[in-house]
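Take a look at the structure set out below.
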Amino acid sequence: MSVFLWLAEIKRRVPMHSPRSFLSRVGPLSKPGLLPWCATKHPGWSKLFLGSACGGNFTNVITKKCQRGQKSQKKPSYLGPLDSSWQERLADVVTPLWRLSYEEQLKVKFEAQKKILQRLESYLQKLNGVNVTTSAPRVEGLSCLLHPIIPSPVINGYRNKSTFSVNRGPDGNPKTVGYYLGTWRDRSIVCVRSNHLKNIPEKHSQVAQYYEVFLRQSPLEPCLLFHEGGYWRELIVRTNSQGHTMAIITFHPQELKQEELGVQKEAIKKFFTTGPGAVCDLTSLYFQESTVTRCSHQQSPYQLLFGEPHLFEDLLGLKIRISPDAFFQINTAGAEVLYRTVGELSRVNSNTILLDICCGTGVIGLSLAQYASQILGIELVEQAVEDARWTAAFNGITNCEFHTGRAEKILPQLLKSKEDGQVIAVVNPARAGLHYQVVRAIRNCRAIHTLIFVSCKPHGEATRNIIELCCPPDLAKKLLGEPFVLRKAVPVDLFPHTPHCELVLLFTR
């Protein structure tokens, strides 16, 4: 059946409704000064460190470096003559290093991480002369040991999760699926198809292409801005190493009744099972009704329209379960390298309690469980904790506990009973960093002698955490424990063609 005939029946039965307005939420950490220690931070801290560590906007700096040699480089053959300008502009934003060889990319990233560490060390050493690093001779301008950057095993198409937006394309069609160019402030947003980006797998691009086909035949308009109405929103595609594919469609219900919502769910289901989208061979399709920018499973449940409820991944000898809402490193092969690095640095043994903070699906702790006395994991997303518990049970791991909730609330109580133990903590926070109460709990727990800090943005909010962990004791901030000392840094590249990489930091005290 053709796309046009297939959706003709749907179109006849769907009534249109007037949109209702909606004010999107603003995250609590978007306002400066909300963290208690913001008012007492050292004068000029942000100007001294954040402003100078990266010399301004790091992405722009890298892009300019790449563009210097642009004239001598041939355009990739897959860029068409009509839309190559849009595609190249998008590639420069999403993957600024795409014109460089991978070897050159690694050099750029290593130098960036070295500069960040130099600025960090310099600042810490100014805090009343605190001993922040080892007494080893300085190498690469650093007192801590900086390991050479570890490359990603996979360079192209490595993402196992992609989020595609819906908005006006270069031709003005509001039902275009891709990535954004421009800014909302300048009202210059253009949605450009992303099938040419080097970090996106072909399967993800295929699902996005067919979602666009569906949208352009649907009688309902997309939701571009909440206050302007519309229904169809973003698409998330997740895949595993076996090629299984999960798609998640986000939909603004506006004032549709449940019966009318059912018509839309049935339409998208038929499209991807018996309609043109069946060529995508989805393993599962989820539908989420959402009236906010980001919506968790607890706020609005993911509705399984067909297929398997989970993806499964083989990692470090474990079978891992992944729910639609769970965090999992977006580069699976790179994640194995990252987690092995964490394990080697941690040196867990049979007397060790491993504390895995912001544990996601629990892979770090689970992969080290056979060497440790006990694994304690903390994660905000309930689905991820359920995945971690399932993975532990399926793999016969019995010395793990996983706790759901905010780390700042769970951790202090959890550590009270561990004061006399031998605790190694691993933290892998989101870009917003750790809550100050988590930093305080780690700092004040005498049993924690080793800390592994994993950050994909060490020059951002995570820097505040590191300063709090390493600064002299501070009664005003209730940082009473001995400061940590930065011993070793290992950059691990999980994001080829972008300026980002994971930085694994080893602290001891």
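Note: Cβ is positioned from N, Cα and C throughout, glycine not excepted.
Record features (TrEMBL):
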BINDING   Q329, E379, N428  S-adenosyl-L-methionine binding site
DOMAIN    349-418  domain 'Methyltransferase'
ACT_SITE  C456  active site, nucleophile
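Locations of recorded TrEMBL features on the structure.
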| residue | record | Cβ within 10 Å |
| --- | --- | --- |
| Q329 | S-adenosyl-L-methionine binding site | 22 |
| E379 | S-adenosyl-L-methionine binding site | 27 |
| N428 | S-adenosyl-L-methionine binding site | 23 |
| C456 | active site, nucleophile | 18 |
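Using a 10 angstroms CA-CA radius around C456 (active site, nucleophile), the binding-site residues that qualify from Q329, E379, N428 are N428. The DSSP breakdown of the domain 'Methyltransferase' (349-418) into helical (H, G, I), extended (E, B) and coil residues amounts to 29 helix, 16 strand, 25 coil. Mean per-residue pLDDT, taken over the domain 'Methyltransferase' (349-418), amounts to 91. The residues near the S-adenosyl-L-methionine site, meaning same-chain residues not in Q329, E379, N428 whose C-beta sits within 8 angstroms of the mean position of the site's C-beta atoms, are F327, F328, C358, C359, G360, T361, V363, I364, in sequence order.
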